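TrEMBL has this to say about the protein:
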COMPBIAS  243-261  compositional bias 'Low complexity'
COMPBIAS  347-365  compositional bias 'Basic and acidic residues'
DOMAIN    3-78  domain 'HTH OST-type'
DOMAIN    175-245  domain 'HTH OST-type'
DOMAIN    274-344  domain 'HTH OST-type'
DOMAIN    441-499  domain 'Tudor'
REGION    152-172  region 'Disordered'
REGION    243-276  region 'Disordered'
REGION    347-368  region 'Disordered'
Amino acid sequence: MTDVELMKRMLRAVLAANKSGPGVSLSRLQSEYKALTGEQIPHKQMGHASLDTLLHSIPSVVHMERNRTGEMVCFASVSSETAHVAKLVARQRTSKKTGRPQMVNCQIRVKPAAPLILNGRVCVYLSFLGNRDNGGPLEACGNIPTNFKENAVSGKPKPHHYPKDYNPSPGGNYNPQQVQGRIREVLNKYSNGFWVSKLPQLYRELYKQDLPSEAIKDLEHWTHICTVEKPCSSNPNELLLYPPTTTPSTTTMSPLALTPPSSSPPPPASSSTLSPDLRQKLGELLVKYSNGLWAHALPKLYLDTYKTKLPEHVLENLSLLSDFCTVDYPMPDNPKRAILYKRTREENHNRRESVEERRAREEVGSRLSTQTVPPLLIPREEYPSVLVGEAANTNGVILRYIGEGYSQAQEALEDKMREFYCCQDNNTRTRDKKSGTPLASLTSGQLAAVRTEEDEEILRAQVTEVMADKVKVYYVDHGFSEVISKANVFELHEKFFNLPFQATKCQLAGLEPFCQEPAVLKKFESMTSGKILLAEILERGQTSLVVLYDTSQDDDVNINAACIKSLQDKTLASPLQVNSAYMNVAVRSVCSDGTFYCQLPSRGLAKLTEILEKAEAYFHSQGTSEFLVSRPFCGKGCLARYKGKWSRVEITNLHGSRVLDILFIDLGVQSSVEVIELREVPPPFLWDLIAIPPQVVKCCLADLTVSGVGSWTPEAVQWFRDAVLNSTDCSVKIAKLDETKRSVAHVYLFPDKNFQDPARSLNRQMADAKVNSICNYMVQTLSKSVSAAGQNMDIYVSVACHPGHFVVQPWRDMYKLVVLMEEMILYYNKTEEKPLKGEKNQIYAAKVENNWHRVLVKGVLTNGLVSVYELDYGKYELVSGTQLRPLIQEFRLLPFQGITAQLAGVKLRQWSEEASILFRNHVEKKPLVAQLEAVQDAHHPWDRKLTVFLVDTSQEERDIWVHDIMAEFADELTKEV
C-alpha cells in the first residue's frame, strides 16, 4: 500500500468515526488524524502547499462544506469500501448517547509467541525432530503432553500396533470405530431416524469432517449401531437410518469389537455398565476439563482425586461414556488415543441448531402463522465482529453480530419496514391506512413495529409495560428499552418475523465475581461505546461466554483484562518518581533487549507477600485439585508455582488445549506450562489479590549509548544477569519515565545500597566494558553464544553422517522453531502467491511434505525439481520448483537452527562405513551435551562449523564421551589390519 493510499484510508477512518454526520472541522482535522495515526497528514510531502488543497484533490475521500457559523467542515465521501460499516455505526441505537463512535480494525492479529522459560523443568516438544523418512518421533524428556508428541509440526506419528480384532475397511484414514461412535451420537439426537442421503451433511456439520465413503457401504453391517431400512419409495437408492433395534447390552460392546467383521465376543455383562457412583465421579472430573481430557490420563487423575483405581473396563469400552460425554479420536490410525469431552445441555442445543438451520428456513410459513421468530444462530467463525450495546452488568452484555446474515440483514429489514410503514409525498409524511394505523389494544409481551421519536426510524420492538397514554418497549434488534407514545406503536406485519432478533446477551469471561462493580462497568463502557470489536467465543449458548478485543491499536487490547485492572488500588502500586532513589530493590528478570524488571519496596508488595503466604497455607489445608483451571483464556488471572511458591500469573497465549504461555505479573518472568499446573485464586483471597497492581517495574539502563537495533549480545545479557539477577540488595535512581509505550523507567542501577557514586553504577560499568553492543539476531548472524571454547551446550543431533560431519540444533531454541514452523504453515497455506523461479544459493521457504521449511537452494534441475538444504535440520531434499516461496522478514528473525559440526578428540580420516554406522547409532536423533572446542567462522551462517566433544549424559552411573568410543573403535580396526 502506497503512502497516499494509506493516508486516504486513515482519513476515511477519522471522518467516518463521527456519528450522525456533524463532520470534522478543518481546524480539528490534523489533531483528530494524529490521535488515530500518531502523525499529522503529510500534505507537503504529497506535493500540496496546504492541507486545504490536498483535501480538495481527493473528492472520493472527503468533501467540505461551510456550516452556519462559516467554519469549514470535512465530511467523509461514501465509498463502496466504507458504506456498510459507516451506515451500521450511524444507525446503532442506544438509550444513551455517550462518546464518539469509532471504526476499528475487525481482523484480529496472530499473537506472536514470546521466548519461553520453561517453569522449573525441561519440557521441550521434540516430535518434529523425528526422522521424516522412517517415522518415529523422539521420546523427549519432561512431562510432554501426548497430543504434542504425536501431532507435532513435522515428522510422522509412531507406527501403531493394532489389536487383532481391529479390521478397518479400505481407505487411508478410515477409522470405523470413530465413525461408529459418531453415528451413534447422531442417532441419539435424531431418534426418529433420517434419510441416509442426509448423513454426510449432518456428519460434516457436527464434526467438521467429511464422512468416509466406506462408511456408507458398511452401514448395513453395523446392526449394533444402526438399522437401515428401504421404504416403499419411487427412488430405490433412498434408505432410512434408525437407532438399532437390538437390546441395550448389544450397544455397549467393546469399541474394538464393533469393527466389522467382528471376531470378538461381547464383554461380560458386569463390564458393560457403569455404576451410578462411577458415572457421577467421571462426570465431575470431565467438568473440570472443558477443553477435553485424554482418555489415557483418566486412570491417574481418577486415582489422585478419589484414592481408588479406575475400573479397567472403562478404558476398554469408552462407549459406556457416550451418554454424558463425547469421545473423539483425533488420530484415525490410533484407536487407543481418544479425547473425552463433557457434554452440556447447551452444547447439545447448539449442535442441533447447526443441523436444523436449513429446516428452520423451510418452516418459515408455519412460524409466521404463530408469530414466532427463529432463534439467532451464533456465527461459526472463531472471532466474529460485534457491536456492543448496553451492559447493566457484565453477565448480561447486549451485543449484535456484524456481517452478512446479521447486521446487513437487519439493515435491509429496517429499510423495508420504513418503506412499508411510511411514505414520502411532496416532503410531507403520510401514513398508509392499512399499515400505518396505531394499535388500539396493547398487551405486555406483544411484538410491534415502533416509530422512534428521535429520528422516526421504524424498528421491531416488544411491549414490556402498558401505561395510560405511553408504553415501554424493548427494541429487540438493538437491545435497550424506551418509553414512547402509544401513537407510535403499530402492528408488526408477519413478513417481518423471519429475521432472528439481533440483540443477544453475552457474559464476559473472568468478570463473574465483579459483574456489577461500578468501576468495571465504567471502564467497559468507555472502551466499547460505539466500537466494532472482536469476540472470542469460549462457550456457546443462550448467553455465550466471551472475551472481547479492541484491535484498533498497535496491540490487541483484551477488554475483559482491562476491566479487571480497573479494580486495582493505585495506592498499592510501586512508587515511581523522577530523581528518586530506592534501596533494597530486587531484579527479577532480564530480557534479551536489555530491559529488566525490578521489585521496589512498597506497601503493595508487603501486602501481596502476606496474602500469598495465607493462600499457600490455605492450599496446604484444603488441597488444590478443586481449584484446577477448567477454562483457560487469554487475559485470565490465576496462580502458578515459581521456585516452589504460588505466584500471580496472567495467561498470555494458548498452544492448543494443554499448553499455554503465562506471565508472572509480579516478577516479569514469562513461562510455558501445562494447564493442570494452574490454580484458580481461592475466593477468600480473590478481592485482595485483584486490588494489588503488578509489583514489578519495567526498566532500562539510562544514558547507555548503543548502536543498531535488536537484542543485546548473549555475553552482555549474561554479564548483566550474573551481576544483579535475583539480588535483593540493589539500588536504583530514576532518571526519567517513558509513558509513551508500556511505561518504561530509565534508571541508574547499582549492585548494592551505595547509589551515591555514579561510577559504581552498572550503567557506567557496561559502558566502560563495551559489552553493551547490540546483536541483530537476523538470519545472517548466528548466535554468538557458541563462541567460547570449553563452553557446554545442550544440543540435539538431527543428522549424523560420520564423525567428520553431523548437524546439531541448540536445545534451548527448539520450541521457538516449533512455533516458527507453525506460523509458516499458517502464513504460506493461506497466502495465494504465484510460484517463483528459484536461484542457486538463495534462501526461500519451501514446502517439504506437509510442512514449510527455511531452505537454501543448492541447484536447479532441468526437470523442474530443485535441490534444497534445510537450514534448520541439515537435511537435503528434492522439491518441485512450484513449492518455493519468498522467505518473508518475519521468518528470518530466528537464527538458522542447523549447525554443522565435527567431532573433537579424534583424528581426521576417511571413516569406514562400519565406523559411520557406529557413530550414527550413538548420536543421531539424540539429545546430548556438546563441549565446544573450536569454531570455524564463515561469511554465511550455514557454512560455519563447530568442533565439539559429544557427551551422552542419559545414564546415571557415568557420562559417555563419544570420541572415546570412536577412538577405541579406530584402534581396534588398526590392530586388525
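Residue positions begin at 1 at the first shown residue.
Cβ atoms here come from the backbone N, Cα and C positions, even for glycine.
Mean pLDDT of the predicted structure over the domain 'HTH OST-type' (3-78): 78. The domain 'HTH OST-type' (274-344): residue composition by secondary structure is 33 helix, 10 strand, 28 coil, according to DSSP.
Secondary structure of the domain 'Tudor' (441-499) per DSSP (helix as H, G, I; strand as E, B; remaining residues coil): 6 helix, 29 strand, 24 coil. Sorting each residue of the domain 'HTH OST-type' (3-78) by its DSSP state yields 32 helix, 12 strand, 32 coil.
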